[in-house]
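Reading through the structure tokens given below for one structure.
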């Protein structure tokens, strides 16, 4: 009891503009000296700027009507407040690593309280009978700190941090000094702020007095489960529904793959029972006819090696991140943890990228492993970095705290060229030293002519069809991920996400095998790139869905914010393309080697 509690302020956020700003970019009451808390890499990239605040709390000692400071607005500061209120900015604070929430009660009784992260800077409204829109600022904050008392020692732990913001035009008698008593909020006369009936306008030359109350409530919530209120899932059922839905797709595809396997691999036995009709024999030999061309290296084989390597790097990163997240290492209470973990893992997975790309390169009779390693190390990160750099320039132009500072940019480049690139080369060297992968059948000298294909075997058509099922498997979970990124909510259902991810891997592999088999049966042996693009095309649907989400769920009106959204979704879709494409490619690679190894 009586211990000082440090209240920290974080960024101002808005789901309308998606541009975070630091708290003191608005003329709120500053402490004597503004101290910046050290942020980790993930926090900096998210735009978190955590600083100290002038609020003074003492544990379990309630306060009423503490005056923070008095400011008079000039034209510039009034305009700043009005702009932020118009864009629906919220103030985020932190106490003992818990974010500040505003409890919002639903109108119908019995439904649980919803928590909104951060309180709005202010609100717009009209006085009764007038049409003119005015801006009002929340200048009185009624904080509630919930604590769990330890009965043995009588000390307590903080388990909740809530606020109810009010807008009130404070009044006082006489001249303003440090000890002036407010007539609108006076602890001595038990006169407290309970509503916003006389709100404080934001106008030039108006003075605003910032005040706050702190009350302490004992709570039954244990310290270990204090995050549960923040993470209350609205509904688990939709996740189960989506998983059952995806499992149906998987079962259907697995059945098809099993059928194909049985027909192709065990047909050799029935050769002895010469009872098959002519048609069956014809249908069966389709894929066997092209055995001399199936393993002919594709055009642009270097690029394929690079993309396969990158995909392996990505797959490794996503798998390890998910496993960490499922075991609870990356909970939302560890701010920026997810981002930091992903970046570090990406960098260290470089060794697998180099290995995978140079193994494939050697199989395609390539000789310059250094060249392929360099391309693998630079192509995907280079494109992503270029988009990221452009977006960062846009954010920086808006003077937002979401802009990544030069130092962090430099750190990212050092991680890329100092750790990732050398590791890709190490992997490339190891992969190239290994003996080349042998083809199960010999390749003919002269390429065979590909017969005219039916319209549904057209490469573009079959590639676009292939992307629908993997996208269908993930799209419900995708809705929740997009909501957590763009609507400022916590995402923590990593268990579901892990299941969905496994389903995605299986779906990608199976749809590619099925389409690849149909393609080989119609005597078209150009399967290398097509297998990569078949499952990779789900990224196109991902981007289209992101566009649909933008227009239906988000209220973004600013051009810069729209460009940010589409820029980041483009990066996400590109990454998804590389990931799913690689899975499809390896599934097909395994499948063709398997069926042709049975051809004598």
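Cβ from N, Cα, C; glycine included.
Note: TrEMBL annotation is automatic and uncurated.
TrEMBL tags one of the stretches 272-292, 377-397 as transmembrane segment, and that stretch is 377-397. Listed as Cβ neighbours of the transmembrane segment (336-356) (distance under 8 Å, sequence separation of 6 or more from its ends, same chain) are residues 39-46, 48, 308-310, 312-314, 316-317, 320-321, 324-325, 329-330, 373, 376-377, 412, 415-416, 419-431. Non-local neighbours of the transmembrane segment (453-486) in the same chain are 15, 18, 238-239, 241-242, 245-246, 249-250, 253, 493, 496-497, 500, 503-504, 507-508, 511-512, 515, 518-519, 522, 524, 530, 533-542, 545-546, 549, 553-554, 565, 580, 584; each lies 6+ residues outside the stretch with a CB under 8 Å from one of its CB atoms.
Long-range contacts of the transmembrane segment (492-520) within its own chain (CB-CB distance under 8 A, at least 6 residues past either end) are made by residues 231, 233, 239, 242-243, 246-247, 249-250, 253-254, 256-257, 260, 264, 286-287, 290, 294, 318, 322-323, 325-326, 330-332, 457, 462, 465-466, 469-470, 473-474, 477, 480-481, 527, 530-531, 534-535, 538, 580, 583-588, 591-592. Contact between the transmembrane segment (377-397) and the transmembrane segment (532-551) is absent: fewer than three CB pairs lie under 8 Å, with pairs separated by 6 or more positions in sequence.
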